[in-house]
Structures are given as structure tokens and as C-alpha cells.
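Accompanying notes for the structure given below.
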């Protein structure tokens with residue numbers, strides 16, 4: 001009884017985590033800019049591109065931390081390399097808001113102004129009239145907003161760089177100047193590479209996770225015994241749970257479940273958007289760690305049990321838990337330490353490794369516990385997910401004034417914390433650093449279909465070429481390529497990855513099914529009407 005209850009609780013927890021993880025479905029670049037509202041671009045000088053800017057600073061000749069900024073739509077161009085820029089003194093105007101002519105000398109310097117009291121173009125005109133060499137606008141928040149022209153700026157002609165920096169960056173410069181230090185600044189805007197090689201590794205992680213999850217039963221079925229995923233008393237369970245071929249609990253998704261699944265994921269997403277805060281993100285981190293521990297534990301124990309048949313035989317009696325596998329207990333402690341170490345160092349430059357390991361293990365486990373029975377249910381689920389992704393990325397701004405999916409993935413209002421339900425990898429050759437990311441939903445939704453294709457091929461004794469698994473993996477890989485092509489064509493704006501992935505996976509299996517004359521068998525697979533049918537045909 002105890003084992004059945006513990007096993008059912010783990011099963012329920014993983015499925016809940018699965019629904020929670022499905023809610024994040026986006027491919028994105030780690031962007032630090034936001035839109036401050038689209039004002040009319042009434043002058044040709046207001047049509048310039050927004051560009052990220054590096055602000056190098058020196059205090060009394062000692063180089064400090066380089067700050068990040070965002071140029072205005074009316075800013076003059078800046079050099080793309082630091083060696084081409086000029087090292088200029090920083091000054092504050094008088095008045096500090098730079099809304100009227102300054103009584104202090106601005107000539108040949110970079111002016112620092114607080115945001116507010118007047119328009120951005122007014123500040124730029126005042127600084128330029130004082131013969132300043134540039135203007136830094138200090139934001140009142142930690143975000144960088146796009147500075148645009150107003151409706152009346154029909155004859156604007158700004159010839160100096162105008163850049164916004166964050167509140168903390170402005171405060172750091174202000175402290176240096178208040179202490180009597182001589183502050184010098186250099187502004188330049190390096191170009192990002194069209195394609196960063198980190199995308200290749202992210203592609204390999206996503207495709208590899210789906211392939212591993214689909215083939216996992218092949219890796220672990222041999223020598224798979226009751227020690228699998230067990231930190232609970234060893235009893236035989238007569239609970240009426242659903243079992244797959246390897247006697248592990250699974251959830252067969254129905255068409256009704258698929259619709260409810262997507263509605264639930266949407267509810268989670270809206271809650272994340274409306275109540276995002278540092279404490280809420282911390283709650284997500286704790287839940288992610290719990291799910292990651294369970295997933296990592298299941299993966300490691302199943303692999304070790306396959307390699308060493310007798311590893312799980314040794315047991316130990318523990319209070320409350322009773323007889324527990326020593327192997328399972330040791331692995332659990334390792335996974336617990338791994339998750340705690342990641343959580344404690346989640347802001348370190350290497351934390352993405354731990355996040356990806358926990359996330360991949362969790363997704364593999366979810367894909368072992370949830371499965372599609374046939375293409376009919378797959379069509380309902382993936383079509384709902386297709387519309388879900390498009391709506392929450394592209395159409396949600398019509399209701400919420402912001403893209404809900406992008407805002408959640410970006411961690412807006414998270415108090416500097418970011419949600420962990422993403423695979424991410426640092427950009428290796430981008431001067432701006434940052435991360436390329438893909439949501440867990442973009443792996444899990446197509447992963448359910450790919451896993452079904454593998455089981456179908458195996459059950460119907462299909463070969464590599466006349467089966468569906470290989471072609472779906474290839475389709476998923478191309479879908480990711482199209483996703484990142486769209487990402488770059490849209491200048492890094494987050495993309496609803498399922499917009500590309502669903503046609504490249506579900507579309508492939510439907511086309512192949514019709515061509516081979518097997519669509520009816522795929523559609524009704526597992527039902528009585530399909531049991532007497534023997535699929536045939538080749539690609």
C-alpha cells in the first residue's frame with residue numbers, strides 16, 4: 001500500500017510538472033530591450049534602428065565595468081569597434097533633467113541626464129545646443145526602453161549619439177563623480193553575428209532529448225526491475241494504474257485530455273504573467289528542482305540498473321520509508337545535492353549547465369509517463385498547441401498590451417530572477433553575450449508525437465526508412481531550423497516555435513500516412529477498429 005501510494009504521488013507530481021512545463025513554449029534570444037510605445041516617426045532622422053550600445057567607463061584612468069545601453073531612434077551612428085571611438089569626459093548638466101539650457105559647460109563631453117520632465121528629443125536638442133559630444137539618459141528602472149520621437153518632431157536633426165542606460169548603471173557613474181573622480185566614457189555599438197554557434201548546440205540538445213526519450217525504453221528495458229525509481233518500501237502493487245510494456249505507470253492522453261491540457265497550460269501561463277515576482281519565481285525554482293530531482297533520479301537509477309543487474313538488490317531499513325534500495329537512496333542524495341548546488345549558484349556563468357541537465361532529465365521522464373495513443377489525439381493536441389503558441393506570442397498583446405509568452409520567458413517583474421523552464425546556452429561569439437533559449441513545451445509537445453512514432457514502428461515491425469520515427473526526427477530538426485531562421489529574420493523577437501514545429505512533425509506523419517495508405521490505421525491505432533488492420537506500404 002505504501003509503495004502504491006508513493007508511486008502514485010510521484011506519477012501525479014511528474015504529470016503536474018509536465019503541464020506546468022508545457023506552458024512555456026518559445027524560442028528566443030535573451031534580449032534586454034523593451035518597447036516604450038510606438039510614436040509616429042515624423043522625421044527621416046527618427047527612422048534609425050535601435051542598437052545595443054557598450055558604454056566603457058574609466059574612473060581616474062582605471063577602467064571599470066562596461067555598461068549596456070540602447071540607442072534612440074533619432075541617435076547618430078556610433079563606431080562598431082572600441083578602437084574607433086573617442087574617450088570623452090562625463091558631465092552632469094544644470095539642471096540635471098537637461099530640459100533647458102545648461103549653466104554648466106557641456107562642450108566636448110558626454111552629458112548624463114535623468115529620465116523625465118520633458119521628451120527625449122528635448123534633452124537631445126539641449127545637449128546638442130551646448131555642443132556636447134553625446135547624451136546618456138539614465139532610466140528610472142532596470143530595463144532599457146526605446147526612445148522615440150514625438151508627433152511634433154518634424155524637423156528634428158540630432159547629430160550626436162543618444163543612449164539610454166539602466167538606473168543602476170547611472171547610479172554607479174554618479175557615485176564615481178560624486179566622490180570627486182574624473183569619469184571618462186567611450187560609446188560604441190558592436191555588431192552581433194548573424195548566426196551564433198550556440199544555436200547548433202541548442203539544436204542538438206533539443207533533438208537529442210526527443211531521441212533519447214523515444215529510445216529510453218530500449219536503453220533501460222533490459223534488467224529493468226522493481227528498483228527503478230524507487231525510494232519507498234518494496235511491496236507489490238495491485239493498484240489499478242495504467243502500465244506500458246515495461247510495467248511503468250503512464251498516462252494515455254485522450255482527445256478531451258488534450259484540450260484540457262492546453263487550457264490548463266494557458267491558465268498557468270496567465271498566472272505566471274499576472275503574478276510574476278521574485279517570490280513567485282522562487283516558487284517556480286523550488287518546483288523545478290523537485291521535478292528535476294525526480295527526473296534525474298529516475299534516469300540515473302534506470303541506467304545503472306541496466307548496467308548492473310544486482311545493484312538495486314541491496315536494501316536498507318529507514319524510519320517511515322521502511323526497506324529502501326541503497327542504490328536508489330545514494331542516487332537520490334546525489335540528485336538532491338546537484339539541484340541545491342544549481343539553485344544556490346543559478347546566477348553564475350556556468351549555471352546553464354545544471355539547468356539544462358535537470359530540465360532534460362525531467363523532460364525525458366515526463367515523456368515516459370505521458371503518451372499519445374494515436375494520430376487522432378496527436379492532431380487534437382498539437383493543433384491546440386499550435387494555436388496556443390501563436391496566440392500567446394503574437395495575439396496576446398491585443399489583450400494584455402504585451403506578449404504574455406515573451407514576458408514570462410524573459411522574466412519581467414521577476415526581481416532579477418529568471419524562470420528555469422527553458423533550455424539555454426550562452427552565445428559563444430556574440431559580443432553582447434546573453435543566451436539562446438527554447439521552451440520546454442517546444443520539446444515536449446513534438447516529443448510526444450515522435451515517441452508515438454517509435455512505438456508504432458516497433459509494434460508494427462517497420463524498418464528505419466519505411467517507418468515514421470526517422471522522418472519525424474528529421475522533420476523536428478528542420479522545424480527548429482525554420483524557428484531560428486524566423487528568429488533572426490525578426491531581429492531576435494521571440495518566436496512561437498510550434499508555428500514551425502507542428503507542420504514539420506504532424507504534417508510529415510499525415511502526409512506519409514496518406515501516401516502509404518496507412519492514415520486510417522494511424523488515426524485509429526489502439527482501438528478495436530484498427531486491431532484487424534495490417535498496415536502496409538513504403539515511402
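Including glycine, each Cβ sits where the backbone N, Cα and C put it.
Whatever TrEMBL says is automated annotation, not expert-curated.
According to TrEMBL, the protein carries these features:
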- 97-173: domain 'PA' (DOMAIN)
- 1-29: signal peptide (SIGNAL)
- 197-216: transmembrane segment (TRANSMEM)
- 258-276: transmembrane segment (TRANSMEM)
- 282-304: transmembrane segment (TRANSMEM)
- 324-344: transmembrane segment (TRANSMEM)
- 350-370: transmembrane segment (TRANSMEM)
- 377-395: transmembrane segment (TRANSMEM)
- 437-456: transmembrane segment (TRANSMEM)
- 468-491: transmembrane segment (TRANSMEM)
- 497-515: transmembrane segment (TRANSMEM)
Of 282-304, 350-370, 377-395, 437-456, whichever stretch has the most CB pairs under 8 A to the transmembrane segment (497-515):
377-395
Under 8 Å for C-beta pairs, could you tell me which stretch among 258-276, 282-304, 324-344, 437-456 has the largest tally with the transmembrane segment (377-395)?
258-276
Using DSSP, how many residues in the domain 'PA' (97-173) fall into helix, strand and coil?
17 helix, 16 strand, 44 coil
Result, the transmembrane segment (197-216) in contact with the transmembrane segment (437-456) (3+ CB pairs under 8 Å):
yes
Take every residue in the domain 'PA' (97-173), average their pLDDT values, and give the whole-number result.
88
Using a cut-off of under 8 Å between C-beta atoms, tell me which stretch among 197-216, 350-370, 468-491 contacts the transmembrane segment (324-344) the most.
350-370
For the transmembrane segment (197-216), distant same-chain residues with Cβ under 8 A (at least six beyond the ends):
302, 356, 360, 363-364, 367-368, 423-429, 435-438, 442-443, 446-447, 450-451, 453-454, 469, 473, 476-477, 480-481, 484
